[in-house]
């Protein structure tokens, strides 16, 4: 975890050539900071920090790493507030909802339909590895992959058991109430959503 829930960050200078993308990152940071006591703050002299980079694709490590500039990639096509919030949640410690140990009670995962280099996005972890902090399985989470995520053939990679056509993940750019509750629980914040 990030000590005190404070996440220093920089936006790589590459984004100076992409002002709309840079502005979208700033908007996502502002929105993230409105949800809880966990705050992304511009880096001053901190040794460990997040560096928003314009890499190839959208990705982040899960949780704080002991590296000086921990990359969060907001590559071409990734500069959407919801996508950036998703990567920020990875950076503060969250896995995909579909990685929970109990996911099979709620969704079917079709690994045969997943591009092989993206199968890790559907790895199921033990309860001791991915703690859900007492929250129910949240199919509306910003951290839940949509039905066609990383599909190699246009077929579903994940579907609701209850209703296969059910929308999974968010169709807007906000964290679900359960996302906020889990974030606040992980960092021991009061539940103070201020949207």
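If you go along the chain as it appears here, the first residue is 1 and each next one adds 1.
Heads up, the Cβ atoms here are built off N, Cα and C, so glycines get one too.
Automatic, uncurated: that is what TrEMBL annotation is.
What TrEMBL lists as active site is 87. What TrEMBL lists as Zn(2+) binding site is 86, 90, 96. If you look up TrEMBL, you'll see 1-190 marked as domain 'Peptidase M12A'.
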How long is the line from the C-alpha of residue 96 (Zn(2+) binding site) to the C-alpha of residue 87 (active site), rounded to the nearest angstrom?
10
Which of 86, 96 (the binding-site residues) has the most other Cβ atoms within 10 Å?
86
Could you pull the average pLDDT for the domain 'Peptidase M12A' (1-190)?
95
What residues, ordered by sequence, lie under 8 A Cβ-to-Cβ from residue 90 (Zn(2+) binding site) and sit at least six positions away in the same chain?
59, 60, 61, 62, 72, 143
Which same-chain residues, if any, lie at least 6 apart from residue 87 (active site) yet have Cβ under 8 Å of it:
58, 59, 60, 72, 73, 74, 78
Starting from the Cβ centroid of 86, 90, 96, which together make up the recorded Zn(2+) site, report each further residue of the same chain whose Cβ lies within 8 Å of that point, ordered by sequence.
60, 62, 87, 89, 94, 95, 142, 143
